[in-house]
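What follows is a single structure, written as structure tokens, with notes after it.
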Amino acid sequence: GSCLGLKGISGQTEQDLEESHGAAILERLRRLQAERGRAPTPRLQYLLEPLYEVVHAQRGATVTLPCVLRARPPHYKVKWSKVEPAELLENIILVTNGAQHKTYGQLGGRARLRRGHRNDASLTIAGVALEDEGRYRCQLVNGLEDESLSLTLTLDGVVFPYQTSQGRYRFNYFEAKKACEEQDARLATYQQLYKAWTEGLDWCNAGWILDGTVHYPIINLREPCGGRLLLPGIRTYGAKDKQKDRFDAFCFTSAVRGQVYFIQGHLSFKEAGQACRNQGATIAKVGQLYSAWKFSQLDRCDGGWLADGSVRYPITIPRTHCGGLPDPGVRSFGFPNKEQRTYGTYCFTVK
């Protein structure tokens, strides 16, 4: 009788029963979660969970995306890729087997493994570019037991609305994309536009963003901008015909490796460009002026020519005689006649 406390009739110990009972409960929980459409995410076996999933950087910086192995399986590869949701594909950047590694594509040319220790598969990217922003995947390829983790690279920057010298709503999607790139920027993502709205961007003209949708951010409610009944927010037109439909653009730029400065004078557009070249500089692009305003706190009450033929000036400390608006920003005089000799010029020189 004394052995019944240790062994049941089935020949299982109490510990066996507890373990099988626990396993049954776990299995039941898994089934319930699966039925509710919330299958449990598999726990990472070899990769360490990252301490943070969003990595911040500025253009031109060197940044590291962490991916560290807890243990190394006998035969494995680590594959780094960039997830491009708009194109529904992953671009491979680098593959390593722990001993050697190979890089791929344009991004691969600026990428290397950090190799802080033998289990370190973190990816270091030099000279971060505007198009590097997005989601990255570090995947451990180990036979049938592949596992991966995702990280997001976010650039600190500024969003600005942009339109042609002919007025508003002249860009199809491809023209908007090109226009931003010509001004040292690129079409903003929705996340960048949303962040800019939370930081004060209030603009009544709708513009293209990177994914081919059209929006405009509203803080101060007014009749021509969706009326006074809607709450402040991002007004959305949704996806539009990239060839036929015409809107403005929302561009995004980040820090620049250079300096924007002002030359005083009464210059025509042509003379403005020459004045910059005489000093070994170039006439500044719109994106470069916004970058200097955002990152170098450039504050100047003088209108100056820019490369696209517009005249603008950056204000970080609002004052009555400098446009009169209560908030900081880059003010615009639009696109004056290029022969007009009223303004100075903003130049850009590489550091």
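Glycine too: its Cβ is placed from the backbone N, Cα and C atoms.
Residues or ranges marked as domain 'Ig-like' in TrEMBL: 42-154. Each residue in the domain 'Ig-like' (42-154) gets a DSSP state, and the totals come to 10 helix, 52 strand, 51 coil.
Annotation source TrEMBL lists domain 'Link' at 158-253 (among others).
The C-beta environment of C225 (disulfide bond), restricted to residues of the same chain at least 6 apart in sequence and closer than 8 Å, consists of C204, Y216, I218, R235. The disulfide bond annotation in TrEMBL covers C204-C225 (among others).
The annotation domain 'Link' is assigned in TrEMBL to 254-349 (among others).
Positions annotated as disulfide bond by TrEMBL: C301-C322 (among others).
The average pLDDT for the domain 'Link' (158-253) in the predicted structure is 95. Remark: C322 (disulfide bond) has C301, Y313, I315, R331 as non-local neighbours, by Cβ distance under 8 Å and separation of at least 6 in sequence.
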